[in-house]
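Undergrad: One structure, pasted below without further comment.
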């Protein structure tokens, strides 16, 4: 069987991945808190772990991999957003959850096998907290229940490589008079009548952030599973606290064997910030006409453990490359394809996506279009709606883009069938409507030109078929 090697944050080494059960490979990735649009940085872990999910399915079989990514739908940020907008909390979370799914779908991400909402697992959280209290790892104080870090002191901080004393001195923690130790963190907090709350042995309240992932992963994957992933910013305190809770509540297990963390994202060499004017949501870029596949390509062009810099230049280069590759692989729809061994070697070496992309460049140069298509598919970069139609020079609806895309397919089909009379007829008609169907130097279809005959409409393009 193919060997996968992954960098394990827990051991700080690249290790051979050996699943607990090859017939039931299990992965948990921390998902979003649903109160706003996903920004560009939120998209990176989704794409990274989507590629890992695809690789695991390739190696172990789609029916033998379980991927869980949660939604945090109870949180003080959500409460604040609902109050700010004067809308019910449930409306905010439902709307934002769908936004996230739509935007990540546009980035080519497969939906995980399970997408639990925190509010669906409150009883499991209460049960885990009760277990921690009973075992002396948690205590009640002024309506709160807190995890006692001193009860796990010899292990706490190993993931992030910090000592408890150093963390007390320098970490950002909530200091409250009811804490026995400044590092103790909230498992349960009281709720006022205007905030979401559930009945519990400690009164009406709501869970802390960290207990949510521990309870959901235990319920869906068990006390021991293979991989836990997330952004580097979650390593401390979130992942550190998850380990403490889960291992203390279920000492018979060892929680996650492998921990993977992706690095952060910059924009044009600077930290993404609203104050700098370089803060983008995924939807912002999609609405600017940047295809989701292009965003994904830029993400994958940098190794997941290195900081990534989003630039306009990279986006343009990615688009040109993808359109060329899509043109080369267009006639292969009915062929049986499989990725090249070198492509798989790159991905199995700690998700070396830049190396995998370099292999795709080689395959294109060597005219191995079947392996190129297979590699694109495995990276989630196969063509979708935007096939062959370069960026419009004007604001273009999805409907117009799809109609132009259909013309491109028909034109190429005529050419491939050597029906040059019909190909020429369609080319001339399309040109009059504002779409130049000649092949560009990048291998794609030339842009529709507003200078030819204005912006084409769907009806005009449909009439050409």
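Every residue, even glycine, has its Cβ placed from backbone N, Cα and C.
Since we're looking at a predicted model, the values are computed, not measured.
Pulled these features from Swiss-Prot for this protein:
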{"type": "BINDING", "residues": "30, 213, 238, 242", "note": "Zn(2+) binding site"}
{"type": "MOTIF", "residues": "32-42", "note": "motif ''HIGH' region'"}
{"type": "MOTIF", "residues": "271-275", "note": "motif ''KMSKS' region'"}
{"type": "BINDING", "residues": "274", "note": "ATP binding site"}
Undergrad: Which residue, of the binding-site residues 238, 274, has its CB surrounded by the fewest other CB atoms within 10 A?
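TA: Fewest other Cβ atoms within 10 Å, among the binding-site residues 238, 274, is found for 274.
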Undergrad: Could you tally the C-beta atoms, other than its own, that fall within 10 angstroms of the C-beta of residue 242 (Zn(2+) binding site)?
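TA: Counting Cβ neighbours of residue 242 (Zn(2+) binding site) within 10 Å gives 26.
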Undergrad: Starting from the Zn(2+) site formed by 30, 213, 238, 242, give every other residue of that chain whose CB sits within 8 Å of the mean position of their CB atoms, in sequence order.
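TA: My list of surrounding residues reads 209, 210, 212, 214, 228, 230, 234, 239, 241.
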Undergrad: Quick one: mean pLDDT on the motif ''HIGH' region' (32-42)?
TA: 96
Undergrad: Work out how many Å separate residue 242 (Zn(2+) binding site) and residue 274 (ATP binding site) at their Cα atoms, rounded off.
TA: 31
Undergrad: I'd like to know which of these binding-site residues, 30, 213, is least surrounded, judged by other CB atoms within 10 A.
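TA: Lowest Cβ count within 10 Å among the binding-site residues (30, 213) is 30.
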Undergrad: Compute the C-alpha separation of residue 213 (Zn(2+) binding site) from residue 274 (ATP binding site), stating it in Å without decimals.
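TA: So the alpha carbons of residue 213 (Zn(2+) binding site) and residue 274 (ATP binding site) sit roughly 29 Å from each other.
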Undergrad: Could you round the CA separation between the residue listed as 'ATP binding site' and residue 238 (Zn(2+) binding site) to a whole angstrom and send it over?
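TA: About 25 Å separates the two Cα atoms.
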Undergrad: Could you find out if DSSP has residue 30 (Zn(2+) binding site) as helix, strand or coil?
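TA: Residue 30 (Zn(2+) binding site) sits in coil per DSSP, no helix or strand.
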